[in-house]
Amino acid sequence: YGPNLPGCPPGPYPRICARYCHSDRECKAGYYCCNTGCLNICVPKPKPGLCPAIRPGPCKGNVCSNDQDCPGNQKCCGKPGCRRCYRPEKPGSCPPRKYDAGVCVIYCVGDFDCPGNEKCCGSCPRRCEKPCFD
């Protein structure tokens, strides 16, 4: 319950305040009560994980509006008007890069091309590596 939780709608807010919920218990399963200061509404809880880095490209409109619109563990990611369902990044960060010389080979595109908890790291070469945790 609070104004800065993920999934709370951005302003501007209506001039007429409304309280559709007072706590998370009043929302259906998978939702929580979002307090924007003037408007309390039940919004879908975001799925765990982070959105992957999204390559710029042509925008063909929104496919999803929130994580609940996406199948399985996929998340609704992207800028407004270009939102799509993506598999989330795995936790952790890529280790510092050592100098790579030689052939540029792409072994993975995203984290879910990698086994276990390994992440897809680097740009050239791009390969699966064990993550670092801060």
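From the backbone N, Cα and C atoms, a Cβ is placed for every residue, glycine too.
Pulled from Swiss-Prot, these are the features on record:
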type	residues	note
DOMAIN	2-45	domain 'WAP 1'
DISULFID	Cys8-Cys34	disulfide bond
DISULFID	Cys17-Cys38	disulfide bond
DISULFID	Cys21-Cys33	disulfide bond
DISULFID	Cys27-Cys42	disulfide bond
DOMAIN	46-89	domain 'WAP 2'
DISULFID	Cys51-Cys77	disulfide bond
DISULFID	Cys59-Cys82	disulfide bond
DISULFID	Cys64-Cys76	disulfide bond
DISULFID	Cys70-Cys85	disulfide bond
DOMAIN	90-132	domain 'WAP 3'
DISULFID	Cys94-Cys121	disulfide bond
DISULFID	Cys104-Cys124	disulfide bond
DISULFID	Cys108-Cys120	disulfide bond
DISULFID	Cys114-Cys128	disulfide bond
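The average per-residue pLDDT of the prediction over the domain 'WAP 2' (46-89) is 88, rounded to a whole number. Annotation for the disulfide-bonded residues Cys33, Cys76, Cys94, Cys114, Cys121: lowest Cβ count within 10 Å of the residue's own Cβ, Cys94.
For the domain 'WAP 3' (90-132), same-chain residues at least 6 beyond its ends with a Cβ under 8 Å from one of its own Cβ atoms are 49, 52.
Cys42 (disulfide bond) has Cys33 nearby among the disulfide-bonded residues Cys33, Cys51, Cys85, counting only those with a Cα within 10 angstroms of its own Cα. The two recorded residues, Cys27 (disulfide bond) and Cys34 (disulfide bond), show a Cα separation of 10 Å.
Scoring each of the disulfide-bonded residues (Cys82, Cys120, Cys124, Cys128) by how many neighbouring Cβ atoms lie within 10 Å, the top position goes to Cys120.
Ranking the disulfide-bonded residues Cys59, Cys64, Cys120 by Cα distance from Cys104 (disulfide bond) puts Cys120 first. Ranking the disulfide-bonded residues Cys21, Cys59, Cys128 by the distance of their Cα atoms from the Cα of Cys94 (disulfide bond) places Cys128 first. Summarised by DSSP class, the composition of the domain 'WAP 3' (90-132) is 3 helix, 10 strand, 30 coil.
Over all protein chains present, the Cβ of Cys85 (disulfide bond) has 16 other Cβ atoms lying within 10 Å.
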